[in-house]
Amino acid sequence: MNNKDFIFDGCNMTEIAAKYGTPLYVMSESSILKKCQEIKSDFLDKYPNTRAVFASKAFQTLEICRMVVQEGLGLDTVSGGEIYTAHKAGVPMEFLDFHGNNKTLEEIKMAVDYNVGRIVVDNLYELEALQEYAQKVNKKVKILFRITPGVDCHTHKFITTGQLDSKFGIPLENGILKDFIRRALDMENIELMGFHFHVGSQLATNESHLAALNIALDLMKDVKQTLGFETKELNIGGGFGIHYTGDDKTVKVSEFMDPIMNELYAKCDQYQLAVPQITIEPGRWIVGEAGVTLYTVGSIKEIPGIRKYIGVDGGMTDNIRPGLYGAKYQAVLANKMNQASKEKVTIAGKCCESTDILIYDMELPEVESGDTLAVFSTGAYCYSMSSNYNKIPRPAVVMVKDGKDRLIVKRETYEDMISREI
Ligand SMILES: Cc1ncc(COP(=O)(O)O)c(C=O)c1O
């Protein structure tokens, strides 16, 4: 058995890098399926009247849409493009939730025309536009209101969304939400099903979800008493944390969800509320750890006594997260797995931007030009946030499983990049 090369879902990453070129996103199908199966056994099958949707924004391609739907999940979408991709993948449109803090009129029409399952309404502008269009085409549209529970979760401030001062959601204060509910209940072409919240991302504990759940349950009790509205559905968002570096912990579905479901049942009983359907919408948790990005080492620059920069053939164009919010990653030399760490290096991307540093100060075996660097946990928010900055083509995506590899997204070409330019 070769102990020199990094083996990922049965595939040799040095050989995969040579076969497809670098930079390259590699996704482990076994890992994605395992996550979907944990959601099924520890949430969907365990609790009646529950749904799970994959947050497409984390990583959306035709193939991933087909895979997660096959595993019994729906899809959370946030744009016309994500709806279109799901549609092209053959996903039944009733499996879709459609989010967004500023859906365009075109997107609203598209969601209604495509019969998207749930539209998560964020503001009055959207509610009125929805009613107007649904009336025009004589349809009844199922909606949830996205609320801002005002919970401050302990994660990076750029990936926190549930606190009061947020561009997302409707504040509970000052009667704003109640006013929206009254209006929705009066609209002939709108069917209000319930509420949605999303407290933040990369959460190690369910503390914020529990706090937000309690706020939502108080709201449900209040609107039942004051407006006679019985909540049928509650979507508690995504945000389950994964392992990137150090002590990061991959959340277990049962540990995260059992206390939430227990609290839900107890409070519904206490408040005499019908238990609503509960939806979760994890993105990162399903695909994050399934992804590895492979790079080839090129330039090596040592500034004596200061720092050794290792230049790789990708960077912020395929992984903006370190530059955007200081995200941390771990990596190995995929062709030197049998060698001990020898030097402290900093991994630099190839873009014309000083923040284009993928990893600061990590230990690696002696690095040489031509080595293959594998960066872990890049399955979420890397491909989906990739760009053509510096006119760098986006990498290909290869799916691996039990020693087999298949291309699911072709590498972009120079010609692709100018194909829309006139
Ligand atoms: C509304 C909503 N749902 C789900 C998610 C998915 O979050 P995560 O990938 O952390 O599970 C997000 C992420 O921003 C979101 O805004």
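Using the three backbone atoms N, Cα and C, a Cβ is placed for every residue, glycine included.
The pyridoxal 5'-phosphate site in TrEMBL is built from GLU281, PRO282, GLY283, ARG284, TYR381 plus one of GLY200, GLY228, GLY239, namely GLY239.
Rounded to the nearest whole angstrom, the C-alpha distance between ARG321 (substrate binding site) and TYR381 (pyridoxal 5'-phosphate binding site) is 8.
In sequence order, ALA55, LYS57, ALA58, SER201, GLY238, PHE240, TRP285, ILE286, GLY288, ALA380 are the residues of the same chain, not among GLY239, GLU281, PRO282, GLY283, ARG284, TYR381, whose CB sits within 8 A of the CB centroid for the pyridoxal 5'-phosphate site. With a cut-off of 8 Å between CB atoms and residues at least 6 apart in sequence, the same chain places PHE54, ALA55, SER56, LYS57, ALA58, PHE59, ASP76, GLY238, ALA380, TYR381 near GLY283 (pyridoxal 5'-phosphate binding site), listed in sequence order.
The subset of recorded positions (GLY239, GLU281, PRO282, ARG284, CYS352) lying with their Cα within 10 Å of the Cα of TYR325 (substrate binding site) is empty, i.e. none.
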